[in-house]
Amino acid sequence: MQTKNTFSWIKKEIIRSISVSLMIYIIARTSISNAYPIFAQQGYENPREATGRIVCANCHLANKPVDIEVPQAVLPDTVFEAVVRIPYDMQVKQVLANGKRGGLNVGAVLILPEGFELAPPDRISPEMKEKIGNLSFQSYRPNKKNILVIGPVSGQKYSEVTFPILSPDPATNKDVHFLKYPIYVGGNRGRGQIYPDGSKSNNTVYNATAAGVVSKIIRKEKGGYEITISDASDERQVVDIIPPGPELLVSEGESIKLDQPLTSNPNVGGFGQGDAEIVLQDPFRVQGLLFFLASVILAQIFLVLKKKQFEKVQLSEMNF
């Protein structure tokens, strides 16, 4: 009887351990997948503010260029390319989270007009798939299919990103019309300077939080510094913590002012935003334009033929 109870207890403990492990795994996977694509998804319902500013600029403080190329006009229910270019010097290295140097990553957000969305895989041509590579796009929100995000991905491979876009059809979507629409894009290269919670990353400059004399500098075992600033007027000491990454600019015994830079600025990346316009073209309007041009050409041909016929008649009358 006791042996039976022991086996029953062991069985329950095994089941409980498996259940706990499975829950931890699911939670960890969920948090990683939710946090990975772009920090802005966690804190902003819409990536573009009412002022037109894209919220990525709140964390990526340096201003850098970005370029977008789209067709001038597209027909309804058509797949086209939106090419986003995020240029930077491929030779530079950025400060990683552990303080070491590494290659830059890139990311982009593409804000399309309502109705435009990511093209389904079966509508993408082999040539376009080759340009896209192994990139995986996703919607900014499940209910915002017109806003697409990508990254962070390797800047060495994907400084030029091709988005496959499907245009809407006003015949099936009554909220869409044949008009000219704006497209907005934001692109960053490198890590940000501020995290979404407002704290600094190690990819930015650190300033003195007090004025005084640098009385002590302690280099931490895992990198970074503890800088003690002493104020002789009130015998107060302030300790500033510098994470691994930025290079120190001050030394012991040096007098410093409030907000004076203690480190260099290691940031080599930045964020930029741009826009473009695209026309959703009515195919009947295109057909009408072609018909009009054909009519003009035919009229010109008939006019030339008529003129030559008139000249022949005049010439025959003169000979007569």
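Every residue gets a Cβ built from N, Cα and C, even glycine.
As the structure is a computational prediction, the values presented were derived from the model and not from experiment.
What Swiss-Prot records for Y36, C56, C59, H60 is heme binding site, and it gives sequence analysis as the kind of evidence. The signal peptide annotation in Swiss-Prot covers 1-35 and is backed by sequence analysis. Positions annotated as transmembrane segment by Swiss-Prot: 286-306.
Sorting the binding-site residues C56, C59 by the number of other Cβ atoms within 10 Å puts C56 first. Proximity of H60 (heme binding site) to non-local residues of its own chain (separation of 6 or more, Cβ distance below 8 Å) is seen for N188, G190, G192, Q193, G269, G270, F271, given in sequence order.
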